[in-house]
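S.K.: First the structure, then my questions, so here it is.
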Amino acid sequence: MLLRAMALNLFLLLSLLNLNIVSSLGKLQRLEHPIKADGSLSALVIGDWGRTGSYNQTDVAFQMGRIGEKLDIDFIISTGDNFYENGLKGVDDKGFDDSFSSIYTAKSLQKQWYSEIVEFFFVDTTPFVLHYWRNPGHSTYDWRDVAPRDTYIANVMKDLESALKESTARWRIVIGHHTIRSVSIHGDTSELNQLLLPILQANNVDLYINGHDHCLQHISDINSPIQFLTSGGGSKAWRGVFNSNRDGLHFFYDGQGFMSLQLTQSSVEVVFYNTNGDALHKWSMSKEPLSAI
């Protein structure tokens with residue numbers, strides 16, 4: 001019962017973070033998490049995962065537990081697409097236990113799944129993607145709290161830009177589900193490149209983290225210091241698609257895995273792992289220490 005209660009709270013928090021941190025109502029919801037005694041924060045990042053343990057989801061979860069304990073993580077960030085194929089029908093849906101609470105059982109993972117030396121800005125990117133509105137196919141979208149689209153997106157961008165300008169955090173990290181830059185099957189999301197990316201570039205965002213493509217990627221923006229990090233290998237992967245792009249590709253892995261994130265006042269380190277817990281790619285960046293004056 002304790003695990004169920006904890007997991008339920010985590011799920012509700014996941015829903016909040018993935019959908020409503022930057023809202024269309026002009027009210028930016030804020031959550032705070034204390035740093036460790038040494039002034040650092042550690043997190044894991046996982047996306048596109050909820051498949052009742054199949055497609056190596058349980059292997060990824062096991063390695064997340066191992067790495068989470070090793071890094072003494074503070075919380076977990078989900079980049080979306082949490083329950084396949086059609087989400088959950090409610091808080092009592094059996095799929096919640098099958099794909100979440102019975103999978104991520106390691107003690108080190110019983111932490112908050114969200115987010116101050118750093119500020120995380122969670123953006124619901126789904127309404128930006130035009131074909132979801134015009135040609136949803138077999139998918140069903142509830143746009144009641146979103147339509148009209150143009151007004152919603154304008155408000156989201158206004159809220160995000162305002163929050164970024166007001167931020168005094170050492171590190172600024174924006175998280176959305178959809179890719180801005182990707183060499184995998186979904187490729188770049190044109191609407192995010194047109195509407196969201198200029199705001200990130202103008203406001204000194206350090207990292208944009210996403211899921212959507214079922215792989216692991218690290219790409220550098222050629223026009224700014226922004227790093228694009230895809231952690232969408234939570235379960236089904238191996239799409240077999242690679243499309244080169246004009247940006248700086250540092251790493252691409254078509255299989256399952258996850259990402260860790262370690263931050264201090266002066267540095268950030270990113271590591272991508274596979275289902276064996278092997279570190280496939282490491283990247284770090286430093287900033288000059290803040291003056292004590």
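Just so you know, glycine gets a Cβ as well, placed from its N, Cα and C.
Sharing the features that TrEMBL gives for it:
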type    : residues            : note
BINDING : D48, D81, Y84, H214 : Fe cation 1 binding site
BINDING : D81, H177, H212     : Fe cation 2 binding site
DOMAIN  : 125-215             : domain 'Calcineurin-like phosphoesterase'
SIGNAL  : 1-24                : signal peptide
S.K.: Within 10 Å of H212 (Fe cation 2 binding site), Cα to Cα, which of the binding-site residues D48, D81, Y84 are there?
M.R.: D48, D81
S.K.: Cα of Y84 (Fe cation 1 binding site) to Cα of H177 (Fe cation 2 binding site): how many Å, rounded?
M.R.: 15
S.K.: Test of understanding: give the count of other CB atoms lying within 10 angstroms of the CB of Y84 (Fe cation 1 binding site).
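M.R.: Here the count is 19.
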S.K.: Could you state the whole-number distance in Å separating the C-alpha atoms of D48 (Fe cation 1 binding site) and H177 (Fe cation 2 binding site)?
M.R.: 9
S.K.: Would you mind checking how many other C-beta atoms are within 10 angstroms of the C-beta on H212 (Fe cation 2 binding site)?
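M.R.: H212 (Fe cation 2 binding site): 24 neighbouring Cβ atoms within 10 Å.
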S.K.: Across the domain 'Calcineurin-like phosphoesterase' (125-215), what are the DSSP residue counts per state (helix, strand, coil)?
M.R.: 37 helix, 9 strand, 45 coil
S.K.: Quick one: pull the CA-CA distance for H177 (Fe cation 2 binding site) versus D81 (Fe cation 1 binding site), whole Å only.
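M.R.: So the alpha carbons of H177 (Fe cation 2 binding site) and D81 (Fe cation 1 binding site) sit roughly 8 Å from each other.
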S.K.: With every protein chain in view, what's the tally of Cβ atoms within 10 Å of the Cβ of H214 (Fe cation 1 binding site), excluding that atom itself?
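M.R.: So the number of other Cβ atoms within 10 Å of H214 (Fe cation 1 binding site) is 25.
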S.K.: Around the Fe cation 2 site formed by D81, H177, H212, which additional residues qualify by having Cβ within 8 Å of the site's Cβ center?
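M.R.: Not counting the recorded site residues, we get G47, D48, T79, G80, T125, H178, N210, G211, G232.
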S.K.: Among the binding-site residues D48, D81, which residue has its Cβ surrounded by the fewest other Cβ atoms within 10 Å?
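M.R.: Among the binding-site residues D48, D81, the lowest count of other Cβ atoms within 10 Å belongs to D81.
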S.K.: Excluding D48, D81, Y84, H214, please set out which residues of the same chain place their CB within 8 Å of the center of the CB atoms of the Fe cation 1 site, keeping sequence order.
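M.R.: Neighbours within 8 Å of the Cβ centroid, excluding D48, D81, Y84, H214: G47, W49, G50, R51, G211, H212, G232, G234, S235, K236.
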